[in-house]
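The structure under discussion appears below in the form of structure tokens.
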Amino acid sequence: MSKDYYNILGVDRKASKEDVKKAFRKLAHKFHPDKKGGDEAKFKELNEAYSVLSDDKKRAEYDAYGRVFSDGAGGGASGGANPFEGFDFGGFGSNFEGVDLGDVFGEFFGGGKERARRGRDISIDLELPFNEAVFGTERKVLLGKTGFCETCSGSGAAPRSEMLTCTMCNGRGKIHETKRSFFGSFSTVATCTTCQGRGKVAKEKCHACHGVGVRRKDEEIALRIPPGIEDGEVIRLTGGGEAVAGGTAGDLYVKIHVKKHPLFTKEGNNLTTNLSIKLSTALLGGEYKIQTLDGDLTVKVPAGVSLGEILRVRGKGIPYDKNKRGDLLIKLSIELPTKLSKEAQRLVEELKKEGI
Ligand SMILES: [Zn+2]
Ligand SMILES: [Zn+2]
């Protein structure tokens, strides 16, 4: 490749990035194919020169070897700096229906590939009681969104309708459109809105969706929440988002919020709880009735336990790995009497004599 990119853009070899950008904008404006007196070949050449000279790495390679190794020099604006940076596109914003802005410019520069149309993702929040988060649960949520039409399964055609080639795009599914920009105007490839990119239209349209294939509706979505889900975890349902005519649906993201439990805390696969026992139980041992997520349970406190000791009840924790369950950990605290009766005081004196 022996083209002189500096010459093409009409800049000095020492030109700053800003000057390169300015020169490119000016010339691109002048030679844009959609303008009167435009020149497509010249425009492509400008774009090629700009993609190299606006990229520090490519420009250094070009300066040293007269060519670029890191990327195809004609590869479009993808690798280079964005010449549109700082420009206000007005209505031509990121919400350009179903098409990535990057894709539009990729096409504009002859580089990128068109991606399939995809509907927007939807994010929702779901609060669960502690028990349901531990054991897993099912929830049905009603979601107002654009979904595929059930009557025509998204095709837009009435049952058994004859399919005709779309006259708007001649069956290509795409239409070259002229868009206004700071250049004046330039063309982009857009999905044909008549056939929604399918290239064919039904002779008889689906009555439920008027031939669009999607429609706004309330959809009931069944969510299966796996056991042991953590607070803040996100469940993704592929295809649960907004549908788009002639494309694929986005995804649904469900963020889980787990309510706190007054008695239990989750620690990995284990549950922890606190139990306050009497001093006499700590010394002599005894039985306590406690609450678990599976109902009441009597636990045996062995004699001679100390403050902060942990009793473990196996298998009463969080379910995991099909049939396994974590444990319930009971952290002991000992209630010390603040006031002793005369009799109690006498007995403790006796204990003292015993060296306790
Ligand atoms: Zn329909
Ligand atoms: Zn069409």
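Each residue, glycine too, has its Cβ placed from N, Cα and C.
Unlike curated records, TrEMBL annotations are generated automatically.
According to TrEMBL, the protein carries these features:
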BINDING   CYS149, CYS152, CYS206, CYS209  Zn(2+) 1 binding site
BINDING   CYS166, CYS169, CYS192, CYS195  Zn(2+) 2 binding site
DOMAIN    4-66  domain 'J'
DOMAIN    136-218  domain 'CR-type'
REPEAT    149-156  repeat 'CXXCXGXG motif'
REPEAT    166-173  repeat 'CXXCXGXG motif'
REPEAT    192-199  repeat 'CXXCXGXG motif'
REPEAT    206-213  repeat 'CXXCXGXG motif'
ZN_FING   136-218  zinc finger
Honestly, do the repeat 'CXXCXGXG motif' (166-173) and the repeat 'CXXCXGXG motif' (149-156) touch, with at least three Cβ pairs under 8 Å and pairs 6 or more apart in sequence?
no
Return the residues near CYS149 (Zn(2+) 1 binding site), defined as same-chain residues 6+ apart in sequence whose C-beta is under 8 angstroms from its C-beta, sorted by sequence, else 'none'.
GLY156, CYS206, ALA208, CYS209, VAL212, GLY213, VAL214, ARG215
In the repeat 'CXXCXGXG motif' (166-173), how many residues does DSSP assign to helix, to strand and to coil?
0 helix, 0 strand, 8 coil
Within 10 Å of its Cβ, which one of these binding-site residues (CYS152, CYS166, CYS195) has the largest number of other Cβ atoms?
CYS195
Distance check, please: Cα of CYS169 (Zn(2+) 2 binding site) against Cα of CYS152 (Zn(2+) 1 binding site), rounded to an integer number of angstrom.
22
For a quick check of packing: other C-beta atoms within 10 Å of the C-beta of CYS169 (Zn(2+) 2 binding site), how many?
21
Helix, strand and coil totals (DSSP H, G, I; E, B; other) for the zinc finger (136-218):
0 helix, 41 strand, 42 coil
Calculate the distance in Å between the alpha carbons (Cα) of CYS195 (Zn(2+) 2 binding site) and CYS152 (Zn(2+) 1 binding site), and round it to a whole number.
14
Could you round the CA separation between CYS152 (Zn(2+) 1 binding site) and CYS166 (Zn(2+) 2 binding site) to a whole angstrom and send it over?
18
